[in-house]
Every structure is written in C-alpha cells, then in structure tokens.
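Student: Sharing a structure below in structure tokens format, with a few things to ask.
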Amino acid sequence: MTLTSQSEVLSDLDPTLNETTITVTQQVLSDYEAQMFLLVVRIACCSIIGLFGMVSNVINLYVFVKQGLNTSININFFAMAISDLIRIVTVQWMNFCSLPNIDTLGIPWVFSDIRYLSASWPTGCANRITLFITAYITAERFLCIVFPLKIKKMIKPSRTVLILLAIDVVNTLGLVPEYASVYYEWKFYPAKNRTLLGMAFRSNRSSTQGVTFSIHAALLTIALIAVIVFTIVLVIQLKSKSQWRKDNTGNKSQMESMSTRDKKTVKLVILIAVVMAFCYTPAVVLSLVSSFISDFGVGGRQANLFHSTWSFAYLTGIINASVNIFIYYKLSSKYKSTFQELFGLTSQTKQ
C-alpha cells in the first residue's frame, strides 16, 4: 500500500491551495512522518474509538429518552449526545475520505475536496455546539446553587430548548461564509484525464477566505473560557455552600448526607472541566495559531506539522465525544439504574 504524498493530503480546514503553493522545505516533520501520523492517529485510532463512541451515544440517547425529556438537565445531555454522535459520524466519514489510495476505487470524486464541505466543517461546527452546551450546563448548575428556590422558574425545559436551538443556529451561521463561496462541481482534471466531482469557488471567494476559520477560532475560544470560568465559580460556590451547611445544620446525619451530595457534584464538575480542558485545548490553540501564523497551514513551511497536530486535535475530540457514558454511569445513580435496566442487569444502585 502506497501512502499519499504530502501534497495530496490537503488541509481539512482550507484545501483551496494547490500542490504548487505548498512549501516543502524546512519542515519539522518529514512527509513520511506526517503521513504515518495521519494514518495511525487519525485514521486508525480515531476510527476505532469513534465506533465505540457511536454506540455509547446511541445508548445515552436511549437512556435520557427513557428517563424522560421533561427536565432541563436531561434535555441538555440528550442534545449533547446528538451533537457528539454527529461529530463522530462526520469524523468517520472524513477518515474514510483520507484513506491511502482511496482514489483508486474508481469513484468519480476528488475525496480531499469532498471531505472538506461534507465532513471537516460539519465536524468543527458540532465541536463548537458540544462545547457551548457544556458551558450552558455549567452555568445552569451554578444558578442551581446560587438560586435553589428560584431556579425552576428561571430555567424551564422550554427555555432550555430555545437556548439549545439558539446555540445550534449561531454555530451553524458561522459556516455561511465558507458555504457561500465554495461548492461542488464536475470538472475535468488533465493530470488524471477524468471528469471528477470536486470543489469550485465563487467570485466572492477572495473576500470570504479565512473568515469561517476566524469565526471558528473565536467561538471555540469563547466557549472554552466560559466552561472554565463557570466551572471554577461553581466549585467555589459549592464549597462555600457546603461549609455554610456544616456550620448551620444541627442534624449530623443530614449534614453528612448533604456533604456527600456536594462532594459528588464537585467531582462531576471537576471531571467535566478536566475532560473538556484536555480535549478541547488542542483544537482551540491550533485554531488560534493557524489564524495568526502563516507558516502553520496547508501551504506554509510547517504544513506537515499542521496536519499532524490537527490529527491529534481530532483524536482528543473523538475521545471527548465517546467518554461521557463512563462519567454518567459513575456519577449518576439514576443513569446507572436505567443503563442496568436496559441491559437486563441487576441494579444495585439506589435511586
């Protein structure tokens, strides 16, 4: 099996540059090293983990429907499972389009072009949606601690649905500049002596090129900062409330019960923060670097490093989309009970 050349492995974020624009000198990684990194990290590892993630998110969807979509938290987790499932499917499609020798199948497509609009940007959009949903969940839990008696009036299931729809709309609109200037068209490729379906560009491409990437970087950064800030504030508030309860609760057993609930919530929040920070930081950092450093791009002097590091970002994103089932099972007795009921297991967990 022959690996594709570096000039053929076009960027999943902006493949508009052709072979002649790619600088191959002074590369940190050689073509072979970059190709092996792409093959092992993104195509192999992402695909394997993604298969598990698809199954786990289908299970999550079933569990939350089974429990009922009549609470804000269940609606949020249900929406997150949908977003995670979409981004896993689009990454799997992207990996298929990136397979070595994929063009030898005889399908009349330019797969590097096809994956750009059908996989790469939908994946990025789904990533942002998941991150914004997490930010909203964290903010909502913070409000639950600060306003425990008013929260049911402040955040109703219907309002949560509207907020989630707004998140979807805002992030989808971020793709408009790209899809307004790039489209698919049948073209004749002299080098292959074939007419293939590939990308074509409208006359407004020069004014829109890079706009979607800047929007992507900005939205990712805003959402990640929101998750971190709300999580930190929530942890501080939980500790403060826990200490107040200890100082003002006379019943020892009730005090211990509250303390246990607080500890579980803190663990959940910390775990969410760690997983989100680990899995999304690479994509946020790479998006910012790609926006400001011209050498770090498909046509830059460090094109091989660009492809390799973005492969790692895709991997961490797939991991994040696949591990929530473990978090729910470990820290939610209600989820655990429904999960065990689904698979006919004897539930040992009290509701």
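Cβ atoms here come from the backbone N, Cα and C positions, even for glycine.
Automatic, uncurated: that is what TrEMBL annotation is.
Feature list, courtesy of TrEMBL:
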TRANSMEM  39-63  transmembrane segment
DOMAIN    56-328  domain 'G-protein coupled receptors family 1 profile'
TRANSMEM  161-180  transmembrane segment
TRANSMEM  213-236  transmembrane segment
TRANSMEM  268-289  transmembrane segment
TRANSMEM  309-329  transmembrane segment
Student: Please indicate, using numbers and ranges, the residues of the same chain that are 6 or more beyond the transmembrane segment (268-289) and have a C-beta under 8 Å from a C-beta there.
Tutor: 127, 131, 134, 138, 141, 213, 216-217, 220-221, 224, 227-228, 231-232, 234-235, 238, 296, 309-310, 312-313, 316-317, 319-320, 323, 327, 331
Student: So which residues does the transmembrane segment (161-180) touch in its own chain, when a touch means Cβ under 8 Å and the partner is 6 or more beyond its ends?
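Tutor: Cβ under 8 Å, 6 or more out: 75-76, 79, 117, 121, 125, 128-129, 132-133, 136, 202, 204, 208, 211-212, 215-216, 219.
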Student: What mean pLDDT score does the domain 'G-protein coupled receptors family 1 profile' (56-328) have in the model?
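Tutor: Average per-residue pLDDT within the domain 'G-protein coupled receptors family 1 profile' (56-328): 83.
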